[in-house]
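Annotated in Swiss-Prot:
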REGION    19-42  region 'Disordered'
ZN_FING   43-104  zinc finger
BINDING   Cys69, Cys72, His92, His97  Zn(2+) binding site
REGION    94-126  region 'Disordered'
COMPBIAS  111-122  compositional bias 'Pro residues'
REGION    202-225  region 'Disordered'
COMPBIAS  216-225  compositional bias 'Basic and acidic residues'
Amino acid sequence: MRSGEPACTMDQARGLDDAAARGGQCPGLGPAPTPTPPGRLGAPYSEAWGYFHLAPGRPGHPSGHWATCRLCGEQVGRGPGFHAGTSALWRHLRSAHRRELESSGAGSSPPAAPCPPPPGPAAAPEGDWARLLEQMGALAVRGSRRERELERRELAVEQGERALERRRRALQEEERAAAQARRELQAEREALQARLRDVSRREGALGWAPAAPPPLKDDPEGDRDGCVITKVLL
């Protein structure tokens, strides 16, 4: 192994592989987070990286294009990016460290972790929490009753307003009928007054006319000796 490069035992590599392969999903749980190699946050991690680490840059070769095997210290060209060159890392491991791979079980998926037991039924509240819930329930019931009482009062007020509106309209009709009756009575009174004035004029005209002469009376002694005496009243 070259100097300055960290060494890694098979147990440490196997632990990294187990951590990388652990990601079984359970109902209701999200996927397990995927580990990432040092210095590259968010990049997918392959089990092969448990046996390699990035080699420092060399003259003519940019940093990140070479990976150093933790088992033998050999540098393997992998190309830029963490997705590129993973097959080259696996080829090196299968060709140079097949025995270690078989003994560690790398490349095979470990059994998924058991799912946590489902949550049991919620325990009944006790103490202050129970009293608080009871008070909240009582307040809710009281508020509901208050709302119903207010609704009944509003309905009664609306009914009273409608009754008052009907009464007001009836009074307006009565006032219009009374006004019509007053107009009719006024017309009749004026007609009677006109007739009275006409009768008064007629009576006045009759009072100024000359009196008619009384009728002539027959004198029983007027017919004497065959003479007719005519009495003239002056």
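The backbone N, Cα and C atoms fix where each Cβ goes, glycine too.
Distribution of Swiss-Prot features across the structure.
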| residue | record | CB count, 10 Å |
| --- | --- | --- |
| Cys69 | Zn(2+) binding site | 22 |
| Cys72 | Zn(2+) binding site | 11 |
| His92 | Zn(2+) binding site | 21 |
| His97 | Zn(2+) binding site | 20 |
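Apart from the site residues Cys69, Cys72, His92, His97, the chain places the Cβ of Tyr51, Arg70, Leu71, Glu74, Val76, Leu93, Ala96 no farther than 8 Å from the centroid of the site's Cβ atoms, the recorded Zn(2+) location. For the recorded site, Cys69 (Zn(2+) binding site), the DSSP three-state label reads strand. DSSP classifies His92 (Zn(2+) binding site) as helix under the three-state reduction. Classification of His97 (Zn(2+) binding site) by DSSP places it in coil, neither helical nor stranded.
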